[in-house]
Amino acid sequence: MAAPWEDVLRDTPAIREAAVVAVDAALLEGVLMRTEGEPNASDVVNFAPFTLLPSAVPRTLFEQAYAVQQDFNLLVDAISQNKEFLERTLASTIKVDDFTARLFGIHMQVLEEGLAQSVFLGINRSDYMFDCGVDGTAALKQIEINTIAASFGGLTARTLPVHQRVLKVLGKSKEASQLLPNNPSKGLALGIAKAWELYGSPSAVVMFLVEEVQRNIFDQRCVENELWNRNIRVVRRRFRDVFEKGSLGEGRRLYMDGQEVAVVYYREGYVPKNYDQQNWEARLLLERSRAVKCPDIATQLAGTKKVQQELSRPGTLESLLPGRAEAVARLRATFAGLYSLDMGAEGDQIAAVAIADPDRFVLKPQREGGGNNLYGEELRQVLEKIRDSPERTSYILMDKIKPQPALNYLLRAHSPLRVSECISELGIFGVYVRQGKEMVMNTAAGHLLRTKAIEHADGGVAAGVAVLDTPYLV
Ligand code: ADP
Ligand code: MG
């Protein structure tokens, strides 16, 4: 599955020239991030890291990932409405994981009060790697599905013209014209706009709930712009603002500074460090409201690693999606081996296997955002320490995916240009809107390819490990 630019990869003068063009093209096209030094100001910005060249992706696996996205949308939506499933699946996790327990507590509290929300909007991104079998054939295997704050739908679209330019500079015009069109932020905005419309208050706004530190603001602005273009007002607020100025009115309508909010789009709230006591109170207020939360707390819980692991048990998909045998088969085909570490014989046995052969597995806690998983010797040590304690149930085990590396150049500000052995992760954005029981939108909205050097086991673009890329189908 080599890309047709293997011939130029070692042509240092040509690569150097192309890299200079690439960085300027990235700045021109808006592949931007705020700097680490000034994360909340746009006075100084830089290009977001990206690969010099597109990476080869097998066409059949790319198409498979798109073909299963609507199924994943239906699945996540079904889980979010299944109180018993979430309760049963997360029972062991919430005993030992405070963060999941807190989210779950809000979920139960909101259900007890009765949902004021009747329109539901899901924006997710299902991430995959291409697992290389012993016979050399690659298979599409899901890494995880992100049901909250799935990012880079904006910047990935802007990376495409940069790669087209680079290929042309390197004499690959034909290949440049074959790169696929891709604009996820437009699809995301269409979902938000639909939810806003169904909410039914033309004067109400869309609120982006954003972090205190906003380095990735330009990615969010891409979605924002699409909404303004449709004459939908967007405001950006933090949990702190909600705590200070948010309130519920009649019918639990949400107001910020006296202005009604139709949709709350979370780009925040997915890791423990996003919350102090006030922020938890703000989250509860939002969840209790009639506003369309993207995602609501049940949908966030549907994206936990524990839920992912339970989905791989025989019979679970069938019970969540009754009468949809074909969807179940498509979904299951993307699952890697996933194992529960719940207390009992099953957990004891897989823990022993992983301690004996740690390189076969990844040990994952219930966390998002990259950099939390354990591999190899570290996995062995941690698992050995907690193998007989309930603490182990805050983790799941997963088969380690082993993709075939390829050479590329990772362009980062202030970093020397050198060739790296790289692996890629493909994400497909899913968008759906449900009104009461009726699905009114269910789409795949575009893709994201992220690439990293093989020496990094873990971590995404925001974590500073992976970089933006564009797939070249082979
Ligand atoms: P997070 O929620 O922190 O993003 P992920 O499950 O996506 O957690 O894992 C983070 C990164 O770790 C992935 O982007 C991927 O590079 C690596 N990773 C995760 N699971 C596996 C796996 N089963 N095999 C190989 N690498 C993995
Ligand atoms: Mg991830």
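Using the three backbone atoms N, Cα and C, a Cβ is placed for every residue, glycine included.
Automatic, uncurated: that is what TrEMBL annotation is.
What you are looking at is a predicted structure, and each value in this text was computed from that prediction instead of being measured.
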Would you identify which residue of E346, E368, E377 TrEMBL lists as part of the Mg(2+) site it also attributes to E144, N146?
E368
To test your reading of the Mg(2+) site: which residues beyond E144, N146, E368, same chain only, put their Cβ within 8 Å of the Cβ centroid of those residues?
R125, D127, I145, T147, I148, A150, Y270, G303, G369
Are any of R125, S151, Q220, Y270, Y375, K452 (the binding-site residues) within 10 Å of E368 (Mg(2+) binding site) when you go C-alpha to C-alpha, and if so which?
Y270
Sequence gap of 6 or more, C-beta under 8 Å: which same-chain residues meet both conditions with respect to N146 (Mg(2+) binding site)?
N124, R125, S126, D127, G303, E368, G427
Check the Cα distances from K452 (ATP binding site) to each of the binding-site residues E144, S151, Q220, Y270, V461 and keep only the ones within 10 Å.
V461
Could you round the CA separation between Q220 (substrate binding site) and Y375 (ATP binding site) to a whole angstrom and send it over?
32
